[in-house]
Structure formats: structure tokens, C-alpha cells
Amino acid sequence: MSPKEQLDTLLHESRTFSPSESFRQQANVQDARIYESAEQDPEGFWSAQAHELTWFEEFESVCNWDPPHAQWFIGGKLNAAYNCVDRHTLTHRKNKAAIIWEGEPGDNRVLTYDMLRREVDKAAHALRQLGVQKGDRVTIYLPMVPELPISMLACAKIGAIHSVVFGGFSAQALRDRIIDADSKLLITADAGWRRGKIVPLKANADEAVVGTPIEKVIVVERVGAQAAIELQDGRDVRWQDLMASAPTSPFPAEPMDSEDYLFLLYTSGTTGKPKGIAHSTAGYLTGANTSMRTVFDLKDNDIFFCTADIGWITGHTYLVYGPLSAGATVVMYEGSPDFPDRDRYWEIAEKYGATILYTAPTSIRMFMKWGSQYVEQHDLSSLRLLGTVGEPINPEAWMWYHKYIGQERCPIVDTWWQTETGCAMIAPLPGLVTTKPGSATRPVPGIAIDIVDEEGNSVPPGHGGYLVITKPWPSMLRTVWGDDERFRNTYFGKFEGIYLPGDGAHLDEDGYIWILGRIDDVINVSGHRIGTAEVESALVAHPAVAEAAVIGRSHEVKGQAITAFVTLREGVSASDDLIAELKQYVVERIGAMARPEEILFTAELPKTRSGKIMRRLLRDIGEGRVIGDTTTLADPSVVEALKAQYKDQD
Ligand code: WT7
């Protein structure tokens, strides 16, 4: 479907789903006045939410907004790890499961809050012994094993800033992130399991750290002998050895200032260089915690199954800081949804009695493709609420999710947010809001959203515009690490004092928000954000390539797929082998998620007279659309040649 057709389908989506009476009656939020009261007094609303956390020192004022810089809960002191772990051990939750972990090969591990506290404290002691201090950056490159949340929480306990790099990233990508964050310590694993195969993390780490500030590498043994790794003397230490010899005494939680950074998480933007999104301690934690209670309607007996990898913001907020700060039980799964078979998620959901499931549209579309028989083999009656995140969900996928996973019983919360926003911004409160398939509905209480035109004026219903957030919120990013100018320009450069997420959207007649996707040069592949410029710089680094232009085109399962148009250097000839080599080259420089779906060689790229590549035309070609305005093209024949070539390829 072309974007235009997609938009028409969305505009004609008229099905609505109201929460059932029984869901409504048990919901945490039953009173719709929460929206108005939060709007009238956002500071009062957020202050009340922040008081769900445990503070070492009470904050003095709620918010200071000096655009683009916000400070929240000023003067307060708290510790994120204390809030996620220690405080629960002083309650009835002491022996409650905090993390139910399942490894891909079928091994599992359950950590109660009390056990988690002991692990986190030992890890904090170990990090401290290796010299980690408050404010230091620690890079974490791990598969989905319990040591990942343990490492993050140990950093938080010390007051060190963690920077988790998704295990699917290449050595080069890891290296760039280590250098940018200036980390002295890296936590990695020998290897990870994915679809029954070994993912060589340590080998990537070895390559990544050379010539960086990294002094020590902690290596978690996950795979063991089969991974066949070597430890470098004086630099590498086994996690298991450190933990075995670490003091077992409690590690005192560092009292952090509200505004001290809790973590950095790198995300793609419109230039080739990823941005280190910096999140604060108090504001971020308040946002994560609040949305667990409101959007996810979390109760003490819930089993929260979030399928995201902790290497992305969804995993940070909804596998670690949100659920644990709220004292929940989370289900964490290490591997692939189709290993050993395509029913793995449903097997896990049934086995542990998951009550809330949070996953991505791309996964739902894949499940649809696989067929409902994999779902029907399992008893999913424990589920009571479903969530989606990562990209607009097409109404058909929504309906499938509703029917086969939710069994027409579970409300669906479609949550729009970003790495930068920290937690869900647009989403229904499931006991209150009638949902429409494909719409994230309305802003959550305390969040001010608008859709505006080029001049910043609100657009009427039915008209597309820029999605913006007009007031500061606690979990907003504080800066781009080491580049405040970029923070200012990217997010606040277009409209003064107004946050620009980079998404297009429109309102319908009922005031429901429909997200239309990115409006910048960012592609959303299976819910992963990839900058076209990153892929382009990877391609042009190859000796055969003269120039490259990368676009996203719609893809049935991935949402978007990467198409690269490449011009070759003089004397290099095009071949299928070269295509395969270039694809692999991108994988090595960024990671598997950035592998171009297709590469097209072209003698020239369409450019304006000033030499700017006209991506819009390339996108039109990619989608097989009628080509729009070509009058600014330096050489119009380029487009005709490309079109003919693109057709040949199909
Ligand atoms: C971009 C943010 C938030 C965690 C996952 C991705 C898109 C995200 C939705 C949704 C429509 C969505 C947006 C956004 N997006 N959720 N429910 N409906 N679009 O985090 O990597 O920072 O990407 O994902 O385009 O800007 P991220």
C-alpha cells in the first residue's frame, strides 16, 4: 500500500472498542477527570506521581523550564536502583519474583526482589572495586540475560551512567558509542544465543575497544566452552569470578540529585552520527513508573511480558525501570520468537501466566503471516491487557492482535513515544478510553500534544501536520551527550520552546491522534530507527562506491525496508556479488537491522541544481508511485533511467 492509500484506509477506520465493564471496574484509573486536572495543574499532577517514588530528600520545586532545558523535582535526592529493588525488599514483595528469565535454549532463572538486591549489590561492589565512580559512563553490550538488568541497576546504585548498546550492533557501532560516551569500562558476554546460533559478542567487543578509553572489560559467561573466547590479561575479567569474590554486604545507594543522569541511550538521527540521549534520574523514573500504573494498569499480581530487547528504550523503560520501580514481576526472554518453533512467545506467556503483553506491530504482522495455529496451541486466558509500540500499527494487525491474542477480551494500548520521551506519551488509559484500531488515541495525562503546520499553528482535524509536545514533561531527554547544540537544533530548532519529535500526524473528528510516521530522514525498520545518513556513510566507505542514497519503502512485515541507490566508482562493474558484499559491509559497520533489502546501481542520482539528492523522487520510485515535481532536477533523464531500472528489478 502506498502512504496515500494507507492514509485513506486510516481515515476510514471507523471501528471502535470500548473497555468492558469488568475491565473498567478494576482499572487503576477510572475517573476521566484525571485528564482535566493534569492539564490544569501539570506540576501538581507530576508532583503527586513523583511521590510514588521513595526519596532520600524531598524536592523543593517541581519544574524549572528554561527552554530547551527543563529541570524536574529540583533539590530532591533519590536512587533509581533503590527504588527498583531495595525498597521492595522492605515490603510484602521481598520474596516476590522480580524477573522471570527464560533463556533461548530453555534454561531459566527467577530472581525475587531479595535475590535481585543481592546480585545488584555484589555487582555494585565489583564495579566499585574496578574503580567505577559516580558520574562515570559504563558501556554495556550484553544479550538478554539477567546480568543485563543487574549491570544497569548496579551502575544506578553507584550513580554511574550506563550506556547500553544493543547486542545486534556491530563492533564498529559499539566502538563509536564507547568513544562518544568516553567509557572506561565495558560489560559484555562471551556470546549470546539467537535462533540456536552463537552470536559472538566478545569477538566484537575485542575489535571495538582497541584505541578507545576502555580499560577493563567484564565478560559474562553465557554460552561457555562453545563460545571459545580468550581473556586478555590485565584487561578482561570474568563476571562470574568478580561476583564470587564480591563482598556480600549491602551496597549503600548513592543519593543522586534528581537531575543527575541515569543513562545514555544512543539513537539514530538525520546525520550519520548517533545521538547519546541523556535521561535524568528523577524525571525519567517518574515517567516510567507513572505509565506502568496508568497506561499498563499494573496491579501487584500482574505478570508483565515485554518482548523488547533491553538494548532499546522500550526495554529500558518497560522491562527494567518502569515495572521494577512499580514492584512488578517481569518476564524476560532471551531469544528469537521462532525458536525452537513459532509458538515460543505463546508458550512463555502460558507457562508463566503473563497478564500483560507488550510487543511491536512488526512482530504482530509476522505472527499473522505465520498463522493463528501457533497461538491456538496455547492457553492465553491469563492475558488481560495488550500493548504495542514502535511504529504505526495497521488496523488489520490491530484486529488480529485483538482477536487471536487478546481473544476479544483484552484492551489494546497503542503507545506512541520515543527514546527521547522516556515513556509513553500518547496512549489510551485502558479503563477509560475507547480505542480505534490504528490510533494511539490521546495524550496521557500530564502531556501536552498538538499537531501544527509549518508556522506552528494548530491544524484542523483531517489535516496532516507536525506532531509536537508543547510543554515540558518529567521524562524528557535532557540533552544529547556532548552536543547540547544538536539537542537544541534537532528538537527545539523549528518551533521556539516546543519539542519536535519528527513524526507527522493528524487528528480525526473525535480528536483522536493518528501517527503517520517519520517526516525526516529516519527509517523505521521493524520498529528500529535507522538514519539514512548512517547507511549512506557505511556504503560510501566501501572502495567500490562513489555515492549512495538510501530511502525507506513500505514493507509488509518490517513496516519499512531499506533501499539503497548506489553509484559505483570508475572502473568498478556491477554484479550480484558486489550487491551481496555491500549488504554485508553495512551489516558489519552498523548491524544486521541496517542490512539493505535491495541495492540498485545507477549511473547517477537525481539531484537538484545545487547538488542535493532528491530523496523524495527516490522514495516515489521505491514505492512505484507516479513521480511528482521534477522541475528542480538538474538532469530529468536520470529519473526515467532509474524508473526503468527499478521496474526491471521486480
Ligand atoms: C519512533 C521512535 C518508543 C519505543 C520504540 C521506538 C515511532 C513509536 C509508535 C506508535 C506510531 C510509533 C515514531 C517515533 N513510533 N511508537 N505507537 N505509533 N509510531 O523508539 O527508536 O526512539 O523510535 O518510533 O516514529 O518517532 P525509537
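Cβ coordinates are placed from backbone N, Cα and C, and glycine is handled just like the others.
Binding of ATP is annotated in TrEMBL for Gly390, Glu391, Pro392, Asp414, Thr415, Trp416, Trp417, Gln418, Thr419, Asp503, Arg529; the matching candidate from Arg488, Arg518 at the same site is Arg518. When the Cα atoms are compared, Lys612 (N6-acetyllysine) and Lys197 (CoA binding site) turn out to be 43 Å apart. Residues from the binding-site residues list (Lys197, Pro392, Trp417, Arg518, Ser526) with a C-beta closer than 6 Å to any atom of ligand 1: Pro392, Trp417, Arg518. Residues near Trp417 (ATP binding site) in space but far in sequence (CB under 8 A, at least 6 apart, same chain), listed by position: Ile313, Val389, Cys423, Ala424, Met425, Ile426, Ala427.
It is 33 Å from the Cα atom of Lys197 (CoA binding site) to that of Thr415 (ATP binding site). According to DSSP, the domain 'AMP-binding enzyme C-terminal' (534-612) comprises 24 helix, 28 strand, 27 coil.
Sorting the domain 'Acetyl-coenzyme A synthetase N-terminal' (33-84) by DSSP state (H, G, I as helix; E, B as strand; all else coil) yields 22 helix, 15 strand, 15 coil. Non-local neighbourhood of Thr419 (ATP binding site): Leu265, Thr267, Ile277, Trp312, Ile313, Leu477, Arg529, each in the same chain, at least six residues away, with C-beta under 8 Å from its C-beta.
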